[in-house]
């Protein structure tokens, strides 16, 4: 009886095992589940962190905007100028750490992570000092750019109180990359969420309960960014997990400044060249015959693209970490495999975002305007926005791969050609000469994104994947991996 029961049990179990094996085999052909889990576990916290840091200056603009129409216009102008001339630059400069720290961690040269972090902070402070001079005299610059004098004057005041936040943002971005490349991402969410919650209260008190008023809004953003930075610094200095990667303050960092600078400059350029293309598009929209409608449409599209790209950038940061870690460990085939998995994930992610946009475009437009004219015009722009998002998601992943490999200097040329020799000329011709207006401008931008994506695909396909050789006694240099 027992033997028969056991045999029956085996007979039942064997087909189930075969089915499970077949299912696993089919899943592995589609995507490597283990690699996908690694990337998703890195990407989700980075997405949350990016969104939270986006809202800190935005909350300040909201509080300032409630003081009056002039304050709303000035704070929006100041926030846009701060992003274009300062904050985006700090993000770009930190991209060099994704290469250096990522590959250093993968190659188990742990001490170099702390050395390069310190070198990057020195570079960031120098650039922030230069930008702060520009911000201090921003009224002259904004008036030169034909902004309303009264709005420019108020925006300049706003920027002066945001200068401390610029230094915090620069150091903060480098600290984020230092942790990201070690796959330490959950603390980033905590150290971003707490300052955001505090920021709401700080901004309310400074704007409404003190004599600072309008000036309290940017000052609150500066305070909140410094709180976040100090929280991260306290965590790094007091956590045992950074015992090997944080050697303490060392003079060796000064000997690596030039090495870092050579990679940081093209890293900043590749980011700023792309972001500036979107800003130029808004300026071109203001030159259209029906500038109010065109500018509103382009601004709504840019905002939608920005919010959606925050999701893609989380996965971009994840693949940058995976690629740099694998290359640093001398495993270029593993880096290529991670790239393939990331591209599959981004296709799924892009389809989900596109479906949400197609179903909710009226809801998104309603957040900005209740005009039926604007809402109908945005609905007609949605197919073009969908196309640009698909290209933007793919190029975001490939840009992350480029940062992980140290190809920033090559991506600079791709971005210049894509946006300024293809995208912007096509946008100008279609928008003005063929009178397609907002649609023409966005078609041009989409052509630029498509060209960028193709260029990055070719770069990823045909460029040799190389790693950085770290030496604690000399500057780093690029060398061929032992196996390709």
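Every residue gets a Cβ built from N, Cα and C, even glycine.
TrEMBL labels come from automatic prediction, so no person has curated them.
For the transmembrane segment (47-68), the list of distant contacts is 74-76, 79, 82-83, 87, 158, 162, 165, 176, 185, 188-189, 192-193, 195-196, 199-200, 203-204, 207, 213-214, 216-218, 220-221, 224-225, 228, 310-311, 313-315: same-chain residues at least six beyond its ends, Cβ to Cβ under 8 Å. Annotation source TrEMBL lists transmembrane segment at 47-68 (among others).
Per TrEMBL, the feature transmembrane segment maps to 80-101 (among others).
The annotation transmembrane segment is assigned in TrEMBL to 113-135 (among others).
For 155-172 (among others), the entry in TrEMBL reads transmembrane segment. Within the chain carrying the transmembrane segment (155-172), a Cβ under 8 angstroms from the stretch's Cβ atoms is held by residues 57, 64, 74-75, 77-79, 81-82, 86-87, 90, 93, 121, 124-125, 127-128, 131-132, 135-139, 142, 147, 214-219, 221-226, 228-229, 232, all 6 or more beyond its ends.
According to TrEMBL, the feature transmembrane segment maps to 184-207 (among others). Taking Cβ pairs closer than 8 Å, the transmembrane segment (184-207) reaches residues 41-42, 45-46, 48-49, 52-53, 55-56, 59-60, 63-64, 67, 176, 213-214, 216-217, 219-221, 223-225, 227-228, 231-232, 235, 241 in its own chain, all 6 or more past its ends.
Per TrEMBL, transmembrane segment is recorded for 219-237 (among others). Residues 53, 56-57, 59-60, 63, 161-165, 168-169, 171-172, 175-176, 178-179, 187-188, 190-192, 194-196, 198-199, 202-203, 206-207, 212, 246 of the same chain lie 6 or more positions beyond the ends of the transmembrane segment (219-237) yet place their CB under 8 Å from a CB of it.
Here TrEMBL flags 263-285 (among others) as transmembrane segment.
Marked as transmembrane segment by TrEMBL: 297-320 (among others).
For 341-367 (among others), the entry in TrEMBL reads transmembrane segment. Listed as Cβ neighbours of the transmembrane segment (341-367) (distance under 8 Å, sequence separation of 6 or more from its ends, same chain) are residues 30-32, 35-36, 39-40, 300, 304, 308, 311-312, 315, 318-319, 322, 374-375, 378-379, 382, 385-386, 389-390, 393-394, 396-397, 400-401.
Same-chain neighbours of the transmembrane segment (373-398): 293, 296-297, 300-301, 304-305, 308-309, 312-313, 315-316, 319, 339, 342-343, 346-347, 349-350, 353-354, 357-358, 361-362, 364-366, 438-439, 442-443, 445-446, 449-450, 452-453, 456-457, 459-460, counting only residues six or more beyond its ends whose CB sits under 8 Å from a CB of the stretch. Feature annotation from TrEMBL assigns transmembrane segment to 373-398 (among others).
The transmembrane segment annotation in TrEMBL covers 410-434 (among others).
Taken from TrEMBL, the feature transmembrane segment applies to 440-459 (among others).
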For the transmembrane segment (80-101), distant same-chain residues with Cβ under 8 A (at least six beyond the ends): 57, 112-113, 116-117, 120, 123-124, 127-128, 131, 134-135, 138, 142, 155, 159, 162, 166, 169-170, 173-174, 176-178, 180-182, 260, 263-264, 267-272, 275-276, 279, 317, 320-321, 324, 400, 403-406, 408, 468, 476
Distant-in-sequence neighbours of the transmembrane segment (297-320), which means Cβ under 8 A and at least six residues beyond its ends: 38-40, 42-48, 50-51, 54, 98, 102, 180, 278, 281-282, 285, 338-339, 342, 345-346, 349-350, 353, 357, 364-365, 368-369, 374, 377-378, 381, 385, 388-389, 392-393, 396-397, 399-401, 403-404, 438, 441-442
